[in-house]
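A.B. asks: Have a look at this one before I ask anything.
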Amino acid sequence: QYSFKEVFGTLVAQKELFDVVAKPLVEDLIRGKNGLLFTYGVTGSGKTHTMTGSPGDGGLLPRCLDMIFNSIGPFQAKRFVFKLDDKNGVDVQTEVDALLERQKRDALPVPKTPSGKRQLDPEFADMINVQEHCRVEEVEEDNVYSVFVSYIEIYNNYIYDLLEETALEPIKPKWNSCNTPVRNGDFIPPQSKMLREDQNHNMYVTGCTEVEVKSTEEAFEVFWRGQKRRRIAHTQLNRESSRSHSVFIIKLAQAPLDADGDNVLQDKEQITLSQLSLVDLAGSERTNRTKAEGNRLREAGNINQSLMTLRTCIEVLRENQLYGTNKMVPYRDSKLTHLFKNYFDGEGKVRMIVCVNPKAEDYEESLQVMRFAEMTQEVEVARPVDRPLCGLTPGRRLRNQAFREELSRKLQLRGGPAAPETEEPEMSLQSFPPLPSCELLDINDDQTLPKLIEVLEQRHKMRQTLSEAFAKNVLALKTMLQEFDSNVSSKEHYLQGKLSEKEKTISGQRLELERLEKKIKTLEYKIEILEKTTTIYEEDKRNLQQELESQSQKLQRQASDKRRLEARLQGMVAETTLKWEKECERRVAAKQLEMQNKLWVKDEKLKQLKAIVTEPRAERPERPSRERDRELPAQRSLSPPPGPSPPPVRLRHRRSRSAGERWVDHKPPSHVPTETVLQPQVPHAITVAVASERALAKCDKYMLTHQELASDGEIETKVIKGDVFKTRGGGQAVQFTDIETLKQESPTGRKRRSSPSNPDPPGDAADSEWTDVETRCSMAVEMRAGSALGPGYQHHAQPK
């Protein structure tokens, strides 16, 4: 589905299409604005028929010409008053210069300007016979107008003038027996034209023939003369396929009349030149469907390339408008887009008619055409057109005509025009009686003088009559001039009053314009500031989004790394814990076996020593059987002490300072349990691996177990204690109070003496000494730093 401003059915009339599409462009042309109308579609979709029409039903082009001349017909300037120059400008010349140039052109053997009095070609006479007399309302009556037409074609990306006079007319198609146009492949094409840019940066074709026309018939005759030279060819899809883009240009020059309303104002700055371009584009086609070869294939490639360039330019303009970019539009890639660059930049209104053929074979191509046409509606570029202000009183032409009519009427009422009155005295002077002969030959001549007196009297009467008539005429003329002066003075006063009112209105409007211009400048400045601020904010937003994305990616990577590290560490901890548990169990079992063996050896030796000390015999005591010892449970022999028995020792338990208090026992995951006798035991403690605010909120004491390696290679355990306080923010804080240290040391450096210094002890003393040794030092415990068995102890039983 595609949306357009207007959709016409297959049975639409040419007039309805013209009223909707082309009529506003003609109105803008007469008001001094430019316009561009082109037909676009696939080959064979009816573009040329829409533009030119058919016999009895003219298309858009003849209807545009008819509307133009219906509107400016009574206000047209005489031929050659306006004269186009070679730089896309227009000059104005006086009536005398225009008359001389008309006489010079009439003297030429072959006039370039077609005569409007010649009989029309019956081939196109029906096309311009438009019954509806359409015209523009409110045409500026104080201006004079002239229409100039030109006709060019763009063929293989070259521009040719279809109105150029050539001797042999090599572009004119010839007709074969099948009544179809054929091309002569041996002809030499005429010289192509160049594109130039005028002082107003508008594009135009240099050396192009521009013909001044004064009627619809004359203009369409010029168009038809160029249409016969346009390149057409026979293809599989169209019997008369246009092989070039044709451009029919209508230029309208207008200038104001002078203050008297008689002649054109001789000021080039006051001339307004507007232009309406009617473009019949060649149809886009696929060569696999048209079966084009040779020249047809090259023509199709150039046609499709120029249409693709047109589409690219429209897309870049749309992108610049939607996104605020400033990309360069590739106008110069094609002569078609380069010629109409000013229209796309906002120098005029552009209308496009999309012609669609409902054939199923054209489905894909028609979709492409409508997609492009729908996209072009989103491009809106327009710039205001400033028309020159002449500063003269409006209505000059009508006042001049009214003055001439009133003058002729007054003269007729007063006795006719002045020219016939001057003939009456001449006729009267000739009708005077002739003077008789005045010679007196005889003194008695009494006839000559009376005759002379009579003739003179007649002449005197006639002179008096003429004088009286002349006086009457003079008086009538004076009266008429006085009346005319009074009328002129009253009209002047009236016009001065109107002029003062208009000046006041203009001054008020100028003040309003100045105020609005200042307001516009202020708003433009604010808009510029807002655009800059928006740009800055958008840039900051993009930067922050990029930074946020990078930070989120970084956090994701860190989280994944942390998870991998935690899994790795947990695996390592579990593996190491299992390894050390197995190692400890193995070492403990080995130590237990070793210690049992050593303990059995010690017991044996002690039994032997006791037997020797207590019961001396001549014969050696019988060694107890090892098997018997194995069957009996190993019991350690204890001899009573030599002296009185010591009193029993009561074990005193240290009172815990934490009685009635709740503790947080913080043991990190890396804590290694020791086999020491003294172990910190805190009842009702909450044991955690990581300190948390939830655990601290439930307790008022805090204990951290910290382990480190001492200088002698042993594990030193520090218990750091502190009090838990509540903070103002609702959190928990810990204030450390003291540190308790648990450390293991080797007893090898503090050996006690096993016997006194007296070498000859008495019997009881020896017995008590040995008994003390047996009681106190039946086993020695030694710890060696750096043992290969890991974080354990090595126990050695040494005989004393």
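Any Cβ shown, glycine's included, is placed from N, Cα and C.
No curator has checked TrEMBL annotations; they are predicted automatically.
Features from TrEMBL:
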- 1-379: domain 'Kinesin motor' (DOMAIN)
- Gly41, Val42, Thr43, Gly44, Ser45, Gly46, Lys47, Thr48: ATP binding site (BINDING)
- 410-431: region 'Disordered' (REGION)
- 499-575: coiled coil (COILED)
- 612-678: region 'Disordered' (REGION)
- 616-633: compositional bias 'Basic and acidic residues' (COMPBIAS)
- 639-649: compositional bias 'Pro residues' (COMPBIAS)
- 658-668: compositional bias 'Basic and acidic residues' (COMPBIAS)
- 741-772: region 'Disordered' (REGION)
A.B. asks: Specify the count of other C-beta atoms within 10 Å of the C-beta of Gly46 (ATP binding site).
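C.D. replies: Gly46 (ATP binding site): 15 neighbouring Cβ atoms within 10 Å.
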A.B. asks: Hey, what's the Cβ neighbour count for Ser45 (ATP binding site) at 10 Å?
C.D. replies: 25
A.B. asks: Minimum Cβ neighbour count within 10 Å among the binding-site residues Gly41, Gly44: which residue?
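C.D. replies: Sparsest of the binding-site residues Gly41, Gly44 by Cβ contacts within 10 Å: Gly44.
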A.B. asks: On average, what pLDDT score does this prediction assign to the coiled coil (499-575)?
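C.D. replies: Mean pLDDT for the coiled coil (499-575): 93.
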